[in-house]
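**Q** Following this message is one structure expressed as structure tokens.
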Amino acid sequence: MSITPPFLLACIDLRGAELTATQLRATLPRGGADVEAVLPTVWPIVQAVAECGADAALEFGALFDGVRPPTVRVPDAALDAALAGLDPDVRDALQVMIERTRVVHADQRRTDVTTALGPGATVTERWVPVERVGLYVPGGNAVYPSSVVMNVVPAQTAGVDSLVVASPPQFTSGGRFHGLPHPTILAAARLLGVDEVWAVGGAQAVALLAYGGTDSDDCELAPVDMITGPGNIYVTAAKRLCRSRVGIDGEAGPTEIAILADHTADPAHVAADMISQAEHDEMAASVLVTPSTDLADATDAELAAQLRTTVHRKRVVAALGGRQSAIILVDDLEAGVKVVNLYAAEHLEIQTAEASRVASRIRCAGAIFVGPWAPVSLGDYCAGSNHVLPTAGFARHSGGLSVQTFLRGIHVVNYTKTALKDISGHVITLAKAEDLPAHGEAVRRRFAR
């Protein structure tokens with residue numbers, strides 16, 4: 001295939017190559033953010049907020065964002081006003097998104113299970129929700145009410161008692177946001193029944209969620225037990241630094257899409273889907289894996305054509321031209337499956353003949369979109385699936401945000417005297433084998449008299 005200006009997408013030809021895991025890890029495109037590099041910058045922010053609370057968080061917000069709200073907590077009146085002023089079409093779409101997401105996540109809720117190992121011997125696994133959760137919703141290039149839905153719905157379904165949404169205060173030359181998070185974010189929170197929203201963003205938001213503090217009006221800002229939600233590299237670094245104090249959902253990097261396609265795919269669809277993810281930011285990854293050189297050439301031409309009318313063209317061109325994006329040529333679909341399993345994309349589309357059969361062979365992906373009528377954009381909004389997904393290859397060992405994220409499994413052990421006596425000899429033997437005699441003695445003494 002040939003790459004023609006102005007398009008800059010790289011071509012990686014793996015035809016005839018030995019597709020070992022080591023070689024693929026070295027060859028496949030992946031940008032990613034160097035979180036380690038910003039830890040020294042973020043650590044003083046976390047320390048300052050841990051020591052000084054809301055005052056420090058607000059000061060950092062004024063320094064980085066140029067706006068300082070009077071209080072961290074958004075007043076109820078502002079939430080009500082945001083919902084009242086929400087465009088009716090947007091409200092209807094959000095309501096549909098919420099309903100569909102609730103339906104899917106309701107089926108994820110685990111039930112307690114009791115296992116009997118003999119008369120009087122049971123182990124019950126109880127699923128208990130995290131008590132208080134902080135949900136981070138970023139600002140930046142776009143407004144993300146969908147992220148409010150995707151974080152809040154599984155937490156509510158899990159039974160989390162206390163939720164707080166944190167999102168950066170917005171500033172415009174006209175001052176129309178008055179130092180509050182974007183009104184669409186506030187409206188989405190209100191639609192979901194969330195009444196605690198903090199006007200704070202960035203690393204300082206993560207630190208304040210982790211350590212808590214006192215607001216400017218002397219109201220308590222209680223710390224959370226877990227923080228979820230995507231953000232930029234500084235947010236990710238702060239989550240890493242705070243994870244010894246709170247649980248986190250993971251470290252989200254730039255968004256990514258991989259498309260495994262053959263000659264049956266429509267190049268216009270493939271190109272549109274690659275552009276749709278590239279418009280997130282300049283570090284977004286768009287990767288096409290195909291055995292068809294005809295599709296590769298046609299997709300390249302479609303990308304060039306569609307870029308002429310793309311609204312965020314500069315951002316998209318930068319993302320598609322970055323080292324994280326490429327068209328990858330493989331010998332056949334068998335090789336393509338091997339490549340995408342190793343790549344472990346956040347979003348993986350299967351646009352091939354017998355797409356469902358091919359999809360059944362995928363073991364590593366944040367989410368899989370099967371066939372020509374399931375674009376990633378559907379999953380971003382109204383499929384019912386969750387769009388908070390592992391990036392940077394983390395799908396090899398982690399899954400996306402779900403109801404389980406907010407649940408803790410607790411084993412409840414219940415044995416009668418007879419049941420313990422029946423197994424006591426094995427307990428004492430194993431304790432002796434591990435040179436932990438007091439363990440065995442704790443059992444033996446119960447039957448000494």
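Placed from the backbone N, Cα and C atoms, the Cβ positions cover glycine too.
Annotation comment: Swiss-Prot describes Glu346, His347 as active site, proton acceptor, evidence class similarity to another entry. Per Swiss-Prot, NAD(+) binding site is recorded for Tyr136, Gln204, Asn232, and the stated evidence type is similarity to another entry. Here Swiss-Prot flags Thr255, Gln277, His280, His347, Asp380, Glu434, His439 as substrate binding site. As annotated by Swiss-Prot, Zn(2+) binding site applies to Gln277, His280, Asp380, His439, with the evidence given as similarity to another entry.
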**Q** Between His280, His439, which of the binding-site residues has its C-beta surrounded by the fewest other C-beta atoms within 10 Å?
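**A** Each of the binding-site residues His280, His439 was scored; lowest Cβ tally within 10 Å is His439.
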**Q** Tell me, by DSSP, whether Tyr136 (NAD(+) binding site) is helix, strand or coil?
**A** strand
**Q** Greatest CA-CA distance (Å) over the residues Thr255, Gln277, His280, His347, Asp380, Glu434, His439 that the record ties to substrate?
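**A** Largest Cα to Cα distance for the substrate-binding set is 56 Å.
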**Q** Check the Cα-Cα distances from Gln204 (NAD(+) binding site) to the recorded positions His280, Glu346, His347, Glu434, His439 and tell me which is shortest.
**A** His280
**Q** Should any of the binding-site residues Tyr136, Asn232, Thr255, Gln277, Glu434 have a Cα within 10 Å of the Cα of Glu346 (active site, proton acceptor), which are they?
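**A** Correct set: Thr255.
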**Q** Between the Cα atoms of His347 (active site, proton acceptor) and Asn232 (NAD(+) binding site), what distance do you get, rounded to the nearest Å?
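**A** That separation, Cα to Cα, works out to 19 Å.
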**Q** If one measures from the C-alpha of Asn232 (NAD(+) binding site) to the C-alpha of Thr255 (substrate binding site), what distance in angstrom results, rounded to a whole number?
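**A** Distance (Cα to Cα, whole Å): 11 Å.
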